[in-house]
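One structure is given here, and the rest of the page talks about it.
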């Protein structure tokens, strides 16, 4: 990894021009004036006291980030965990959500302290061949996540249209969200954040309605949260619960989202203030997403744990199974599920469009109009998604197999977002006084190792069951060797950087 150079100052300045790609300039001026008025009595060099109004001004990016905890892939993991393991994996859902939050807190720290996002810094700090590989990994993960999200939306549209609109038709409708995104973005980031707030509220109300209607066992819920339980029958779903929480593109996204508020990185007290408010906001947002995931898991635990349908339930048939189990009611539960699933799919595909712009622009240093970049990034995901939707629309089982492959794909790419992030936030030359401490560094590397091992288990067990034939096995072994070699390279670069930081301290 190369050491930071004076070009960073020029890069930081040019990135202010890039703010046109994700924020409204007039809105930025208004927000800057509001903060300046509020700061009139502040003492220079001292972090200002807590203010509810300032917390409101910083509220928004964390909720956009939290959408990735609620995408259709997560919802499918929730419902399957509930149906197969009952309430026994709720503790794991809680702790894996906490691990996801910890990773995102590092992402926001990097973005606020440097004024640049993760993809940009990776472009500047790693050799060209590493940068290209990291970009390809991020793009592949984004396409995989988008396929799950778009198909989830398409399933919801099929449910709400009573089957009139086929799966591929729902995919085309969902593809149009890119233009909704551009329309809202032209009116400022606050309008976009308000739209996402509506979608998250829709999810919360839909799944809360289902929770109230099905009335899961409160005692079992509390025991499931507080008492760790794991068995040989539930270990596969346990691994899936952890693997669904951290998505690679979301790590890149959040470091860019936090820059929609103008922070002067030269004023340490302002950076620390922003970190404080963003930490509170993102913690609240992730708690909301955890509550929604908890409701989904417990609804399906109450209705299907120990039943014949438990091992065959998925996104495609979940609504119908709910309808058969709980009937119509005031408002048929099938359509409540469909509304919640649609909100989850639409919000996550739009954040995917957002993430795609930053990933492509950051790694490749692209400068183009935002509508062109949105169309490009959207097309990269929609074209394969349409093909997949048509091909896998033959049966529910084929869609479930597809989802398993996509989950494995996401798990394979996660280390290539987490390791660069941990390397960079531990680098004093990049982070300055906001470099993470030794205790935090050991903690997050432990979390990263745990996530990598869990996803490694998923990949190994999946390939052992799916890989057949000597030729295919040989190709997989060669690919696995290259994968491990790249992983070792990134970890060794992090170790070398840690030694360099220690040497710098000794010489100073």
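If you go along the chain as it appears here, the first residue is 1 and each next one adds 1.
Placement of Cβ uses the backbone N, Cα and C atoms for every residue, glycine included.
What you see is a predicted model, and the numbers here were worked out from it, not measured in a lab.
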Of 89-108, 349-368, the range TrEMBL labels transmembrane segment: 89-108
Non-local residues, at least 6 beyond the ends, that sit with Cβ under 8 Å of the transmembrane segment (326-345): 70-72, 75, 149-150, 152-157, 159-160, 174, 199-200, 202-203, 206-207, 209-210, 213-214, 303, 315, 318-320
Beyond the flanks of the transmembrane segment (405-424) by at least 6 residues, Cβ under 8 Å: 1, 73, 77, 103, 106-107, 110, 118, 121-122, 125-126, 133-134, 137-138, 140-141, 144-145, 147-148, 240, 243-244, 246-249, 251-252, 430-431, 441, 444-445, 448, 451-452, 454-455, 458-459, 462, 483, 486-487, 490-491, 493-494, 497
Most Cβ pairs under 8 Å with the transmembrane segment (277-305), selected from 89-108, 159-182, 238-257: 89-108
Candidate ranges 128-147, 159-182, 194-212, 238-257 - greatest C-beta contact count to the transmembrane segment (89-108) (under 8 angstroms): 238-257
Recorded stretch that, among 159-182, 194-212, 238-257, has the most CB pairs under 8 Å to the transmembrane segment (128-147): 238-257
